[in-house]
Amino acid sequence: MPLRDEVGPYFGEYGGRFVPESLIAALDELDAAYQAARVDPVFQAELAQLHATYTGRPSIITEVPRFAEHAGGARIILKREDLNHTGSHKINNVLGQALVAKRLGKTRLIAETGAGQHGVATATAAALFGMECVVYMGEVDTERQALNVARMRLLGATVIPVISGSRTLKDAINEALRDWVANVDTTHYLLGTVAGPAPFPVMVRDFHKIIGDEAREQVLALTGKLPDAVTACVGGGSNAMGIFHAFLDDADVALYGYEAAGEGHLTKRHAATLTRGRPGVLHGTRSYLLQDEDGQTVESHSISAGLDYPGIGPEHAWLHDIGRATYLPITDDEAMQAMRLLSLTEGIIPAIESAHALAGTIKLGKELGPDAVILVNLSGRGDKDMETAGKYFDILDTEALEAEISEPAPDGARGDNA
Amino acid sequence: MSRVEEVIAARKAAGSGALVGYLPAGFPDLQTSIEAAVALAENGVDVIEFGLPYSDPVMDGVVIQAATQKALSNGFRLKHGIEAVAAITSRVDVPVLVMTYWNPVVQFGVDRFADELLAAGGAGMITPDLVPDEARDWLAASDRTGLDRVFLAAPSSSAPRLHQAVEKSRGFVYAVSTMGITGARADVDTAARSLVGRLRTAGATSTCVGIGISTPEQVREVFEYADGAIVGSLLVKALADGGVDAVAKAAAHLATAK
Ligand SMILES: Cc1ncc(COP(=O)(O)O)c(C=O)c1O
């Protein structure tokens, strides 16, 4: 069977539904609605129309020769998901699921978010469709992605900082699942990556397939052949599955997923799930995860909130085991340097998540040499990361900023006697 | 009939129902959790549900989350949970079911876990995030060892799924009273009564209702239509606030409903 035809609920020994019985009916209902929508031309047309007039699809590809000089001279082509409305690939899945939720008659969307990109996308769809929206976000992440918290609130969403466990993405998912168990009649849980119980891994992948479908055509048109390699960063794995899928059965196209290695995959502070984890069950699915000997989930670390997750989608676990895709660790510093390099050489500021893919691509390009063509999924833009980057590179004029905030406006700006 | 089924049947024959009490292992520390479980047995609890702390307890509300998180940060290990079961069963006659999320069992080894639980005198396992559809290894291990396996049934479960829960469960079927997570509630849902009715239609003879129960009045009400009532958060809160004495009092108070 072609690898592209795999539709779950299992990918090899991974996937399934490890959830409380209370959620099974909702997953069945969702699966039925999604299966119907998948083959319904009306649904597909509605989604395509939204992508054309709202998301801004197709997203372009951009060749980056000045950046490529630092990557062994290989031809490097970026798939520009950063140019989508709301700034990342996340919107592809969100609009798809929101349409399914509407069909199910749900009036309330809930979501987990790490970097805030998925939360922003969900809040956006809720605003667009007139639905209520609650976003769960680890307290740690609300602090490092404060700008996105403000965006979600401006879009009318309620953001709930999660203070249980490690206070990051994994705990936000726990909280969202708890909410869903209690409110499943009115609520759709709009899961943001290719993890979780079936049908989420397949459904989310399908809504992101458009990335690879477009890019495959675009690269063919530009270069006359398929790329030698396709690269993406991997948190839960949605942008990577989205761009990989179109190439799964092209045996000559190598697939590389770059995991967050934080301070180093051999330290305790990383999120390199396939590199350092082992199979188990987390958040409703069987896949690889970072865990201790007893199966307690181990806290992950990454400078990028969107990759700071100790699990990974089951389809990636399967592609890893069968050797179809290769997953390699990228440290915080490698990612930050790649972020700066793309900014300096091409005038494109990538999300720190996406910068992991760029850092991996630099190494890969040096390995493959100047004849290689590498397609990179630039999953998001870096605006949300300016505070982190500003601090990291010490280019934030914090003193000036603080002075501005603490001191009254200059004389005359607002007259005392007014 | 398993021991848990016998205990429940006996309470039913006495015209009442079984009181099932939940406490987590290792909270506030391992020894105290053992003493507290013993106190349950000595104050009218018929079946102990002994929870193994887990890092991502999606079925649990804040009271149980806080307790199990404390146990984990104190260094709780699975082997301690099994040691505690052995300590409890050596002191009291009340059957002890372990309540655990699935990944710890997978990592321990399903067969090894079953063997060690049996050796510790445990009666079986309640699995909040394992549905029978995914339980092949556990069905085999529990058949081999004779351990009870308690699956959940929810108000949202379809008739075929209720059938499956009844058919695959041994000990009792855990009827989730309400669509939600653990924690005390003012009203135990009317959904519970109708769910138990549907479980009876599906052939259930041993059904306990859990989630949200915290008063003797609620226990009595549940006994009108079900075979047992499960109380958790109230007991955990008593232990957190007032130690083993408070747990003993809380259990005795609940047992007035029997
Ligand atoms: C820009 C961007 N890329 C990647 C990710 C990681 O998610 P996934 O691995 O599902 O693509 C995120 C998550 O927040 C993100 O915001």
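One is the number of the first residue shown, and numbering goes on along the chain from there.
Every residue gets a Cβ built from N, Cα and C, even glycine.
TrEMBL entries are annotated by machine, without manual review.
Over in TrEMBL, the protein carries these features:
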ACT_SITE  B:Glu49  active site, proton acceptor
ACT_SITE  B:Asp60  active site, proton acceptor
Fill in the blank from the handout: Cα of B:Glu49 (active site, proton acceptor) to Cα of B:Asp60 (active site, proton acceptor), in Å and rounded, measures 14
Fill in the blank from the handout: Cβ density check for B:Glu49 (active site, proton acceptor), other Cβ within 10 Å (all protein chains) comes to 26
Completion exercise
Listed in sequence order, the residues of the same chain lying six or more positions from B:Asp60 (active site, proton acceptor) whose CB sits under 8 Å from its CB are B:Thr68, B:Ile181, B:Thr182
